Amino acid sequence: MSKKALLMILDGWGLGDHGKDDVIFNTATPYWDYLMETYPHSQLQASGENVGLPDGQMGNSEVGHLNIGAGRVVYQDLVKINLSCRDNSILKNPEIVSAFSYAKENGKNVHFMGLTSDGGVHSSLDHLFKLCDIAKEYNIENTFVHCFMDGRDTDPKSGKGFIEQLEAHCAKSAGKVASIIGRYYAMDRDKRWERVKEAYDLLVNGIGKKATDMVQAMQESYDEGVTDEFIKPIVNAGVDGTIKEGDVVIFFNYRNDRAKELTVVLTQQDMPEAGMHTIPGLQYYCMTPYDASFKGVHILFDKENVVNTLGEYLAANGKKQLHIAETEKYAHVTFFFNGGRETPYDNEDRILVPSPKVATYDLKPEMSAYEVKDKLVAAINENKYDFIVVNYANGDMVGHTGIYEAIEKAVVAVDACVKDTIEAAKAQGYEAIIIADHGNADHALNEDGTPNTAHSLNPVPCVYVTENKEAKVADGRLADVAPTILHILDMVQPAEMTGCNLIK
């Protein structure tokens, strides 16, 4: 008899501290209690670097399902770059090697430009400092930093401090602050080319207020009532840091939307009517892919294509699969679970159950869970699927309302649906793995007793429903779920999946 597996994702169903805030623990869940007493279970980490997010950041449904389906940790750009700086693998990055080797061999200037703040939305000071260190290592004669000031993701007068930090770092590393301008000009995203031209003229033609002390120049701008975001162009009078033919430019913003327009006028398209022309022979490096249509630019950290996800691998091996959820979590069990792919694979069926039309889900805490369960049980009884993934949305969607009584009702509904689903699956010879993508209903109150509507940092359960009395399940993270499913199906794990089978 061929093996079959059911993966049940209870959205927002974390393992709480059993205090008053832990609605799941404090609500009567007879079937969940039976599962915990009867079957092997463990804990999975579902937040921070365990799911490819910055350390200490709570997990979310998109990232959770991506990691679950991928069978590996899928790192966000910021985390990928952070890790590369931390373990020094950035030094072996072929584009980094090409940029600095070219500058060294041809005696060219190196320019770093980007948002100079610790806001963490578009860029990171740590990345800029690391680039300065690499320039020092390559012994580059002229390294210039062009600072775009923030004031949106940071306090409006914090920029002066960032320039002080940068100058202190450059003093022991490499680089000089060549120019300063507000992000209002350098990082427009609405085709206001007259703003972009202010930045272009500063970078290429050295047009701006001349200053010998860049920190003092920032203070003077504040004194005139002009804060970081709107700082008018400032030029360091002590250096010629303009961008010239054949120079190396590294734009260190990792978010693409506000890095595109300046890149366009420097590298992609002449705008004679606005007095802007691309610069010949520029060796231009973007931190991440800014736009698929850009030609002739280098990319330091390219987008990862997540290949051989669980869905793709099952399809390639001729297995039949079903993905089912209500509207609120349908994209999660399809698009995100399949690594960012919209189209179903061969032999992949999908069932979408409409979520209830209510203003907020505390008005209908059971949501469409019973309808999902009925359709799912019917599909299980057809006995044609090798693999089924289902998401019950209530713990998360009702958890976000912060209304305790509603969350209790949501938990009761999920418990009832889990029972009917698992009993049907057992009767048809399925083994099941029950997990969550992140916590929420397990932490419904803040310490002061006010409602907490956010996700939790708690680990999530992993229950293995099996007839095998000897089985044990190890602790792990969400990336270990797909390899565990493949183990149940007696399939070899593909090389791209770096997670571990948790069944011992």
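Keep in mind that glycine also has a Cβ here, set from the backbone N, Cα and C atoms.
Note that this is a predicted model, so its numbers are computed, not measured.
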Among Ser42, Ser61, Ser368, which residue does Swiss-Prot annotate as binding Mn(2+) 2 at the site that also has Asp11, Asp437, His438?
Ser61
Name the one residue among His323, His455 that Swiss-Prot lists for the same Mn(2+) 1 site as Asp396, His400.
His455
Around the Cβ of Asp153 (substrate binding site), the count of other Cβ atoms that are within 10 Å:
16
Select the closest residue to Ser61 (active site, phosphoserine intermediate) from the following binding-site residues, measuring between CA atoms: Arg189, Arg258, His400, His438, His455.
His438
About how far apart, in whole Å, are the alpha carbons (Cα) of His455 (Mn(2+) 1 binding site) and Asn256 (substrate binding site)?
27
With Cβ-Cβ distance below 8 Å and at least 6 positions apart along the chain, what are the contacts of Arg189 (substrate binding site)? List them in sequence order.
Asp257, Arg258, Lys260, Glu261
Among the recorded positions listed here, Ser61, Asn256, which has the most company in the form of other Cβ atoms within 10 Å of its Cβ?
Ser61
What is the number of other Cβ atoms found within 10 Å of the Cβ of His438 (Mn(2+) 2 binding site)?
28
DSSP state at Ser61 (active site, phosphoserine intermediate), helix/strand/coil:
helix
